[in-house]
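Shown next, in structure tokens, is the structure this report addresses.
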Amino acid sequence: GKTLWIGIVGLPYRMLVPFIAATVITGGVYLYLSKTYLGRAILAVSQDRVALQLMGADPIKVKQWAFGIGIATAVVAGALLITIHPVEPSVGRLYIGRVFAIVILGGMGSINGTFFAALMIGIAESLIATFIGPSWAPAAAYGILLLTLAVRPQGLFGRA
């Protein structure tokens, strides 16, 4: 396949396109949740359903919208994933542990934290695979997670 070279770093297009698409989608979801009425209602329903109801929003409809957004992002993630791996029913099982570590590391409820935790773990895995060996790369996520939980149990960007 084709590769984009930036200095001595080679980025295969089959990995670069999903990265760019995921970054754009994450930014879009973040802006939607932080700048629109429905987005703020989605954030509010997770904290105080009764207060949201008193503000005039229907919590059930808000949860349905949140579920729909979650399904849409999962569909796009699956479509992007098949550019990297062959399609099979259990294609996501390779990533479930890393995803869990990324969400905990970034802090529950922190989109920015999750994004930066994903970047940090991805870079750490690449460096470990390059300099130590590819078989050690998956351990990076768990090692970083354990170190972070020992020092800061709420995650790097989580609220105490």
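Residue numbers in this text run from 1 along the chain shown.
Backbone N, Cα and C define each Cβ position, glycine as well.
Note that TrEMBL annotation is computational and uncurated.
Residues 1-4, 39-40, 42-43, 69, 73, 76-77, 80-81, 83-84, 111-112, 115 of the same chain, all 6+ positions outside the transmembrane segment (12-33), place their C-beta atoms under 8 angstroms from a C-beta of that stretch. What TrEMBL records for 12-33 (among others) is transmembrane segment.
Annotation comment: TrEMBL describes 65-87 (among others) as transmembrane segment.
If you look up TrEMBL, you'll see 99-121 (among others) marked as transmembrane segment.
Sequence annotations record features per position, and here TrEMBL assigns transmembrane segment to 127-151 (among others). Outside the transmembrane segment (127-151), and at least 6 residues removed from its termini, the chain residues within Cβ reach (under 8 Å) are 97-98, 101-102, 104-105, 120-121.
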Distant-in-sequence neighbours of the transmembrane segment (65-87), which means Cβ under 8 A and at least six residues beyond its ends: 14-15, 17-18, 21-22, 25, 29, 32, 38, 42, 45, 94-95
